[in-house]
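Here's the structure we're looking at; comments come further down.
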Amino acid sequence: MEFSTLQYLHGRPVATGVVKAFAEDFFVAEDLGFTPDGEGEHVLVRLRKEGCNTQFVAENLARFARIAGRSVSYAGLKDRHAVTEQWFCLHLPGRDTPDFSQFVLEGCQVLAVARHRKKLRIGTLRGNQFRLVLRHISDSAEVEERLRRVATQGVPNYFGEQRFGRGGNNLQQARRWATDQIRVKERAKRGFYLSAARSALFNLLVSERLAAGCFSRVLAGDALQLTGRGSWFVAREAELSVLQQRLDVGELRITAALPGDGDGGVGGDAAEFERRVLSETADLQALLTRERVDPARRAVLLQPQAMTWSWWDDATVELTFDLPAGSFATSVVRELFCQENSDADLAE
């Protein structure tokens, strides 16, 4: 289940390149997908930051507003080694909006402040807008061809390496927890470890569909998602031909399991496939069941939107694209070239 061993949609690249030679080579801006209400007991703060991770900024905002750390929320984690524009939410019932022009934190700039009625929770984004500068590319012709394929055919919707912690530590700890080698009491760590476990199982399912030649082929019992929506339905044998046509034109997406405490939501051939692939991961599945993690489904294909690129020279390309919330730029870049700086963290 190592990220480096997962299957490729467009074949393993031969070309090499560098991601984030400089922090400004990686820019990501959150798209809330809604306009703040302008009133309410929550204050939304949009920050441009560099050299600061999300939790560090949240802690400093809490101190500035003189509230508990748990009263500051955000929609997702962003890498410190990048330039990011991110929303934070402060719960300030019955209080005036602080003067955020007085908020000083090295590497941070306040861009916007607005009142809102609801708390900003993890995943409550439309998506993220990315601008990457990819350098030291060894074969521009190969990468150009791959860019064209990715723009039209997409990439596997893998969870990126950062989901599993530095050096895969979160997944390692999840395995130790699953086999009762450790006890995990801290809420944040429990969340990180459980997320790593189910993400690894999802990645395995996606990779094995590629290996089996059914990544883009509807199986009887597959859970199919309407493109751009969260709802899904189960494919019936009698409808496979029509459903395959709808998949081929982009109306539908095949999904894979995000395992938890409950039924996987598939039947027939698809259920048998998922059972077989996950047959040697009983310890992680038992952990997710024991901790009552809600099961879910996630599309196996990620299609970047508004994707454009411009070559600065034969070894440098600027790439822009939009991704839905919860998807990873890592999954796009890994289909383009092999990273020379493979430890680079790409924001979610």
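The backbone N, Cα and C atoms fix where each Cβ goes, glycine too.
Small disclaimer: the values here were computed from a predicted structure and weren't measured.
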To which of ASN60, ASN128, ASN169 does Swiss-Prot also attribute binding of substrate at the site defined by PHE26, PHE328?
ASN128
For PHE26 (substrate binding site), which of the three DSSP-derived states applies: helix, strand, or coil?
strand
Quick one: Cα separation, ASP79 (active site, nucleophile) versus PHE26 (substrate binding site), in Å?
10
Fewest other C-beta atoms within 10 angstroms, as judged across PHE26, PHE328, which are the binding-site residues:
PHE328
Go ahead and report the DSSP secondary structure tallies for the domain 'TRUD' (154-303): helix first, then strand, then coil.
74 helix, 22 strand, 54 coil
What is the number of other Cβ atoms found within 10 Å of the Cβ of ASP79 (active site, nucleophile)?
20
Count the other Cβ atoms sitting within 10 Å of the Cβ of ASN128 (substrate binding site), across every protein chain shown.
26
